[in-house]
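These features come from Swiss-Prot:
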type	residues	note
ACT_SITE	Asp48	active site, nucleophile
BINDING	His43, Tyr76, Tyr179, Leu200	substrate binding site
Amino acid sequence: MSRPRRRGRDINGVLLLDKPQGMSSNDALQKVKRIYNANRAGHTGALDPLATGMLPICLGEATKFSQYLLDSDKRYRVIARLGQRTDTSDADGQIVEERPVTFSAEQLAAALDTFRGDIEQIPSMYSALKYQGKKLYEYARQGIEVPREARPITVYELLFIRHEGNELELEIHCSKGTYIRTIIDDLGEKLGCGAHVIYLRRLAVSKYPVERIVTLEHLRELVEQAEQQDIPAAELLDPLLMPMDSPASDYPVVNLPLTSSVYFKNGNPVRTSGAPLEGLVRVTEGENGKFIGMGEIDDEGRVAPRRLVVEYPA
């Protein structure tokens with residue numbers, strides 16, 4: 001039986017997309033996938049339609065390693081409208097309460113300090129978390145509120161930028177699973193006036209360089225430029241991609257000699273010198289250090305395969 005024909009290119013890497021405002025993360029993903037003519041694509045944690053900023057798009061084999069970015073920390077710039085609370089905690093929702101803004105600078109500083117460090121957060125009903133197999137926002141749209149457990153998060157840094165009139169601007173560096181909308185809603189309640197997000201931009205994800213972020217408009221311009229020069233668009237698009245193992249850049253590297261990597265790629269744990277005592281590792285092979293997958297140190301100190309790169313014949 002012949003192997004089914006694959007649709008699109010076998011292109012592997014990560015594009016750091018600057019998601020535009022008003023577009024869902026999935027719509028942005030599909031546009032990038034079409035521009036690159038990629039056979040597979042996936043993002044690494046959705047941004048709300050209102051939000052802009054860094055959305056890493058994994059193409060091809062890089063989709064296998066996107067899960068490691070979900071665990072990474074992120075940095076945001078947010079502007080809150082004080083005195084109004086909405087049902088979604090952002091400007092896309094309906095105003096449900098209005099109150100005067102009467103807090104002092106000292107009260108604001110004290111309230112902000114309660115959100116720094118290790119805290120617990122109850123996720124918004126307007127989130128993609130699931131309850132009994134159904135997303136929370138699906139319940140919310142039906143007017144149903146379901147129980148949610150508080151989840152531990154870490155706010156590594158919360159910077160006060162400005163407070164002018166009924167606007168408050170902050171910069172937040174936080175752990176995975178943090179809902180900025182919920183921080184703003186909770187802050188508004190602490191201040192006694194209510195608040196919601198009117199602007200949100202993701203500035204950074206993990207250690208990705210911010211100067212490598214690109215817009216959809218720039219991608220389209222490169223496609224047009226390639227057509228004018230009568231060259232494949234891939235020649236201009238592909239250099240924009242980060243390496244496919246970049247989602248796992250926080251993990252140590254173990255390099256296997258080619259004699260051992262053959263066994264590893266066939267699903268077998270292997271012994272090698274220089275491996276850590278435990279945990280996940282990025283596995284490369286040979287003198288050129290080609291990435292071949294993720295491994296984990298097993299109980300016998302061997303490198304056991306966890307996620308492998310598949311090389312498709314041309």
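Quick reminder: no glycine exception, Cβ is built from N, Cα and C everywhere.
In the three-state DSSP scheme, Tyr76 (substrate binding site) falls into the strand class.
Of all residue pairs in the substrate-binding list (His43, Tyr76, Tyr179, Leu200), the one with the greatest Cα separation is 18 Å apart. In this structure, the residue listed as 'active site, nucleophile' belongs to neither helix nor strand by DSSP; it is coil. Counting every protein chain shown, 22 other Cβ atoms lie within 10 Å of the Cβ of the residue listed as 'active site, nucleophile'. DSSP assigns Tyr179 (substrate binding site) to coil in the three-state reduction, outside any helix or strand. Classification of Leu200 (substrate binding site) by DSSP places it within a strand. Around Leu200 (substrate binding site), a 10 Å sphere centred on its CB holds 23 further CB atoms from the protein chains shown. Distance between Cα atoms for Leu200 (substrate binding site) and Asp48 (active site, nucleophile): 9 Å, as a whole number.
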